[in-house]
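S.K.: Below you'll find the structure I mean.
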Amino acid sequence: MFRKQNLKWLGVLATIIMTFVQLGGALVTKTGSEDGCGSSWPLCNGALLPENLPIQTIIELSHRAVSAISLIVVLWLVITAWKNIGYIKEIKPLSIISVGFLLVQALVGAAAVIWQQNPYVLALHFGISLISFSSVFLMTLIIFSIDKKYEADILFIHKPLRILTWLMAIIVYLTIYTGALVRHTKSSLAYGAWPIPFDDIVPHNAHDWVQFSHRGMALITFIWIMITFIHAIKNYSDNRTVRYGYTASFILVILQVITGALSVITNVNLIIALFHALFITYLFGMIAYFILLMLRTTRSQK
């Protein structure tokens, strides 16, 4: 059960399931299914499987089920990795982070159901789950020895790119928080047309300010990732890890901007909204990988 040959497919399975956890959370919020099980947790409306199953209840139940399965699969992956490749420096910290943040994510979700948390607190839920996803994603990359294939294990990232990338991580995380806040405060259609309502630019209420803040952070994110991408391609053109990684990040942020704009234009089409959540999930995963590479560079300097 915990054999080394299970690591690759377990890593892929865990990454896929964690992706569905992210999408499930976005689906719950976008469809207003947060109260699909009332204030009961882990039960649903006081029962394991309630007799009355409207679509909101089905969505909330499905999200809880996928989250429970993800915890089992991630635990399986963590135990197997710890046992067989625990000698790799990053495996144990990533294992602790992935399980720890998955549990915190579940507790925040439960608290939201039972006590109806403030939306500014609920917005942290998505960011917490992204950290858990990224830890699983990184373990999977390590398991597949992606570092050796793309010479990342001998990559040295110089200080300018490290600074740009750390700032990129902070900016993206703040943008993720404002995006989650848009969902939880139901501000998706606030502040008028995209990119800005030129005939009425000044926000008028809290919903407008939340949406305005997210659009502003999204613009800063796009510009900063573009600057970082240009620097990386210009100075590391001979390294495939940097070239492919930062190119993928730039493509993902472009897709993120497009789906964000389309969400407003289409009055929050559900499919577009889910793609919006998907692209930011994998963008954050890529940034987490860059951080891993930078930490290795820092260690090599000591």
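Each Cβ is built from the backbone N, Cα and C atoms, and glycine gets one as well.
Copying in the features that Swiss-Prot gives for the protein in this structure:
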TRANSMEM  9-29  transmembrane segment
TOPO_DOM  30-67  topological domain 'Extracellular'
DISULFID  C37-C44  disulfide bond
TRANSMEM  68-88  transmembrane segment
TRANSMEM  94-114  transmembrane segment
TOPO_DOM  115-125  topological domain 'Extracellular'
TRANSMEM  126-146  transmembrane segment
TRANSMEM  162-182  transmembrane segment
TOPO_DOM  183-215  topological domain 'Extracellular'
BINDING   H214, H276  heme b binding site
TRANSMEM  216-236  transmembrane segment
TRANSMEM  245-265  transmembrane segment
TOPO_DOM  266-270  topological domain 'Extracellular'
TRANSMEM  271-291  transmembrane segment
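So where do these features actually land, and what's packed around them?
M.R.: Per DSSP, the secondary structure of the topological domain 'Extracellular' (30-67) breaks down as 14 helix, 2 strand, 22 coil.
Around the Cβ of C37 (disulfide bond), 23 further Cβ atoms fall within 10 Å across all displayed protein chains.
Distant neighbours of the transmembrane segment (94-114): 25, 34-35, 37, 39-42, 67, 70-71, 74-75, 78, 81-82, 121-122, 124-125, 128-129, 131-132, 135-136, 138-139, 142; these residues of the same chain sit at least 6 beyond its ends, with a Cβ under 8 Å from one of its Cβ atoms.
Under DSSP, the residues of the topological domain 'Extracellular' (115-125) split into helix, strand and coil as follows: 7 helix, 0 strand, 4 coil.
Outside the transmembrane segment (162-182), and at least 6 residues removed from its termini, the chain residues within Cβ reach (under 8 Å) are 119-120, 122-127, 130, 188, 190, 210-211, 213-214, 217-218, 220-221, 224-225, 227-228, 231, 280, 283-284, 287, 290-291, 294, 297-298.
Away from its own ends, the topological domain 'Extracellular' (183-215) comes close to residues 26, 29-30, 119-120, 122-123, 175, 260-261, 263-265, 267-268, 273 of its chain (Cβ-Cβ under 8 Å, at least six residues beyond either end).
Taken residue by residue with DSSP, H276 (heme b binding site) is part of a helix.
Tertiary proximity for the transmembrane segment (245-265) is limited to same-chain residues at least six positions away from its ends with a CB under 8 Å from its CB atoms, namely 188-189, 193-195, 218, 221-222, 225-226, 228-229, 232-233, 272-273, 275-276, 279-280, 282-283, 286-287, 289-290.
The helix, strand and coil residue counts that DSSP assigns across the topological domain 'Extracellular' (266-270) are 1 helix, 0 strand, 4 coil.
Only residues 6 or more beyond the boundaries of the transmembrane segment (271-291), in the same chain, are considered here, and those with a CB under 8 A from a CB of the stretch are 19, 22-23, 25-27, 30, 130, 133-135, 137-138, 141, 165-166, 168-169, 172-173, 176, 179, 188, 245-246, 248-249, 252-253, 255-256, 259-260, 262-263.
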S.K.: The topological domain 'Extracellular' (115-125): which same-chain residues, six or more beyond its ends, come within Cβ distance under 8 Å?
M.R.: 25, 39, 105, 108-109, 177-178, 180-181, 183-185
S.K.: Quickly jot the same-chain residues contacting the transmembrane segment (216-236) by Cβ under 8 Å, restricted to those at least six beyond its ends, or write none.
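M.R.: That would be 158, 160-161, 164-165, 167-168, 171-172, 174-175, 178-179, 195, 242-243, 245-247, 249-250, 253-254, 256-257, 260.
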S.K.: Using all protein chains in view, find how many other C-beta atoms are within 10 Å of the C-beta of H214 (heme b binding site).
M.R.: 25
S.K.: Can you count the other CB atoms that lie within 10 A of the CB of H276 (heme b binding site)?
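M.R.: So the number of other Cβ atoms within 10 Å of H276 (heme b binding site) is 25.
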